[in-house]
Amino acid sequence: MGGADAGAGAFYDAALHKRETLMGKSGPSALIKNFRVFRIALFACIGGVLYGYNQGMFSGILAMPAFERHMGEYVTDSTKKGWLTAILELGAWIGTLLSGFIAEVLSRKYSVLVASAVFMLGVVIQATAITGVGHDAILAGRFITGMGVGSLAMIIPIYNSEVAPPEVRGALVATQQLAICFGIMISFWIDYGTNFIGGTSAETQSDAAWLTPICLQLAPAVILFVGMIFMPFSPRWLVHHGREEEARQVLSSLRGLSPDHELVELEFLEIKAQSLFEKRSVAELFPNLREQTAWNIFKLQFVSIKKLFQTRAMFKRVVVATVTMFFQQWSGINAVLYYAPSIFKQLGLDDTSTSLLATGVVGIVMFIATIPAVLWIDRVGRKPVLTVGAIGMATCHIIIAVIVAKNIDQWESHKAAGWAAVCMVWLFVIHFGYSWGPCAWIIVAEIWPLSTRPYGVALGASSNWMNNFIVGQVTPDMLEGITYGTYILFGILTYMGAAFVWFLVPETKRLTLEEMDIIFGSEGTAAADFERMAEINNEIGLSRILRAESSNTTGTPYETLPEKGNVSDHSERIQAV
């Protein structure tokens, strides 16, 4: 294995060194050099803002007297209230399942347009609730909006990763996560502001108080739709669909270099190598689906996911991905995001304005707490961060449960206890922000071999949205029926999540794909992937470009590298192009 590691490492180190020589290393200076790409990615992250805004906006609306007056039992009945909230996640689950197919057939660019249009349609339908159709419009509109949100949440990161060069790709993925948290934060504060339209009492509050936050979503969605018309296609998608000359021109424009520049040529060949790798992997695994027809592309995602369940080694990966997402959602984070004002009222903050203000603080602390994970996750590792975060969240839940159990009928005379519970909610969100928010997605993305990664990540995302839906549905009933038992349940499950990560999830920081294979018991998968990639690199001339670089940087001429090997620590870069 050592020789294979040296061979793969030499090749990918050569590619990295060649790029650093031509463009420079990662960091803030790389963002400046790639400012055009950074601007495009920032613009596309409007999709992340929309995703986050929807996660947080509805919690404040549910607490508004005017909305309750309009929706009736769909706010007062806990089960119906759960449906009104969670149906967005059901739509997002369906949108996630369809997004891979749409993005491949229509292109990443046009699929963002489609998802934005679906999103806007859903918002318009929700706005019609004011005319008297009420809860039916909200239910239908949130389901359709959810389809748009789910698609955008999957497609935007793919688009950003494919237009960005490797030296800034990590920063742009982090920007997407921050955009989501920013959307959550501003949604809470918009709710707080609009709550005062017409007054805060049930008799005087205007319908504009809840209609404004819903309709405000249209503005960024329209901007995203119109702006994406002028954005470039993904170079990777162009290459994959045989439009190679157009891909060169897009790369040239994105990098601000001539089409025949050495850096453009290097990146183009890397993209072409990955495209050929994916096509040949499909041809080997699913020979009847090798033709790139729309129907074959649609079937491919399902038969590929089915294959993940057919070997013990891959099934272990399935368990890690899906169960990690199960524990992320059953930590109770979206119970807080969806029902924060209701939770704070249960903790003694009876005034709607005060509960919305406390909810606004949730958005701020979550946004700030996400930043350390972006900066230090690759140094500290995944397991320690996830374990400490889970223990912290679970402990907060148990403390809240104790406070509620002792004071549930006497908040008026024990206001300090109520505020102590509120502070525990804020601390819970901090623990989630630096740990399970970003790190769960990192685990889900890292554990798969190259040839199965897109389908494995889709499976993890599907688990996320389905559990998200269930939590959103049952939380109102739990808060009403078992009160402080809700926090005990979330606390126990989150402690179990800490144990699951510590004892059953491998540390994936800086592991090679072959080492990952050994951990999961599927030795040879990554080696076979690398052998196929090495053949392609030789075929298209990428090896020739890097041969001299490999000799200079490692002392190992590329001609002497073994045929089989594993992808080194730079495999994440090759996967993403």
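Cβ atoms here come from the backbone N, Cα and C positions, even for glycine.
Feature list (source: TrEMBL):
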TRANSMEM  40-63  transmembrane segment
DOMAIN    40-509  domain 'Major facilitator superfamily (MFS) profile'
TRANSMEM  83-103  transmembrane segment
TRANSMEM  110-133  transmembrane segment
TRANSMEM  139-159  transmembrane segment
TRANSMEM  171-190  transmembrane segment
TRANSMEM  210-233  transmembrane segment
TRANSMEM  318-340  transmembrane segment
TRANSMEM  355-377  transmembrane segment
TRANSMEM  384-405  transmembrane segment
TRANSMEM  417-443  transmembrane segment
TRANSMEM  484-505  transmembrane segment
REGION    553-577  region 'Disordered'
COMPBIAS  566-577  compositional bias 'Basic and acidic residues'
Do at least three CB pairs under 8 A connect the transmembrane segment (355-377) and the transmembrane segment (417-443), leaving out pairs fewer than 6 apart in sequence? yes
Hey, would you say the transmembrane segment (171-190) packs against the transmembrane segment (484-505), going by three or more CB pairs under 8 A that are 6+ residues apart? no
Top Cβ-contact partner of the transmembrane segment (110-133) among 40-63, 210-233, 384-405 (pairs under 8 Å): 210-233
Top stretch among 210-233, 384-405, 484-505 for CB pairs under 8 A with the transmembrane segment (318-340)? 484-505
So what's the mean pLDDT when you look at the domain 'Major facilitator superfamily (MFS) profile' (40-509)? 87
For the transmembrane segment (40-63), name the stretch out of 210-233, 355-377, 384-405, 484-505 with the most CB-CB pairs under 8 Å. 210-233
Note: vs the transmembrane segment (484-505), the recorded stretch with the largest number of Cβ pairs under 8 Å from 210-233, 355-377, 384-405 is 384-405
Long-range neighbours of the transmembrane segment (384-405), counting only residues six or more past its ends (CB under 8 A): 327, 331-332, 346-347, 373, 377, 417-418, 420-421, 424-425, 427-428, 431-432, 434-436, 439-440, 443, 483-485, 487-488, 490-492, 494-495, 497-498, 501-502, 505
